[in-house]
Amino acid sequence: MKPIPYGRQHITQEDIDAVVETLQSDYLTQGPKVAEFEQAFANYVGAKYAVAVSNGTAALHLCAMALGVNEESRVITTPITFVASANCVRYCGGTVEFADIDPTTALLDIAKVRAILESKPKGYYTGIIPVDFAGNPVNLEEFRKLADEFGLWIIEDACHAPGGYFTDSKGEKQLCGNGKFADMAIFSFHPVKHIATGEGGMITTNDEALYQKLLLYRTHGITRDPQLLQENHGGWYMEMQELGYNYRMPDMLCALGVTQLQRAEAGLARRKGIAKVYDEAFATIDGIEVLGTSAEALSENGDTGHAYHLYVIKVADRKGLYNFLRQHNIFAQVHYIPAHTMPYYRGLGFKKGDYPESENYYAACLSLPMYPSLTAEEQEFVIGKVKEFVG
Ligand SMILES: *Cc1c(COP(=O)(O)O)cnc(C)c1O
């Protein structure tokens, strides 16, 4: 059996052709493939605007900038996420506060967020960054109500959940990143994610003013728009109006994004199929707990809004299972080491014991192989080895 990772990209001849074609075109960056990918992505998640950027971390940084995060800002996120969800606040000089997870789903626990908000006067906190962890969509309708009550903005970190959705109180499907409840949402196109371009990211929003800021900050804070210029010296003239960055996504990668996106629904269906096989295999095994799906992501016809970036199980001897699987060329992974226990965040005053549910989850969790090109035979092999160890 060849090595089986926990996640990997799926590249077809069509993807390769699209990249080669762009390499032979007039534009390697700032060309027409950028807008084409942005438009296709906005349509896919049901948002009005999309802004392609160099990676998911840059997307988070630009969102924090556009929302005006500064030294006075205090922002709540989850410890069970990739550290970039919290770091974006630090890039802008703001303070990170964590709230613990709901142990059944490992999603940010809204009750704990509320308790933190209520412990301080209104206006003390400025924003919330919930994460659709593992592809399990956060109920953003509930988070929006809470945010409105306390005057907060929301950045949805939807890196794990393109194509995912939750069902709102009216019974309507709400796609992750559709901009209906969150001010902005962000995605990553790292090779382990659903849509793989190597590096790449996307911000989606329905807010025109935020959209304009993101465009400006993505490219040095420079504009050539005659409507916005303070002076105009001629055809060459441009102005740097804000301190921005170069966070652009090149045309070759956007071309890859376009062809990847065309297969996104098929990939998602395959992920759901893999999850179902794991679910059935582990349902009757004592000693394996499958990470729960939030109620809002379940629907009656057996379809679910869970986008299955990860398939997470919890076991007592996690390290033993991790090592046993590695011996058999199965490279399961741990998502995540709680952010507040990282030396950097400990240096800011956080300590082990601060968020017990996150730490308990971390002690037991393991992400099994989950990607569209995983074969039925490979999955059977993985299941067999997991059962062999636990049983
Ligand atoms: C991958 C990921 C990011 C960062 O994306 P990059 O493209 O790697 O910068 C941020 N948040 C979450 C939850 C992620 O999974």
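Note: Cβ is positioned from N, Cα and C throughout, glycine not excepted.
The annotation active site, proton acceptor is assigned in TrEMBL to Lys193. What TrEMBL records for Lys193 is N6-(pyridoxal phosphate)lysine.
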Applying a 10 Å Cβ distance cut-off over all chains shown, what neighbour count does Lys193 (active site, proton acceptor) have?
21
Hey, does DSSP put Lys193 (active site, proton acceptor) in a helix, a strand, or just coil?
coil
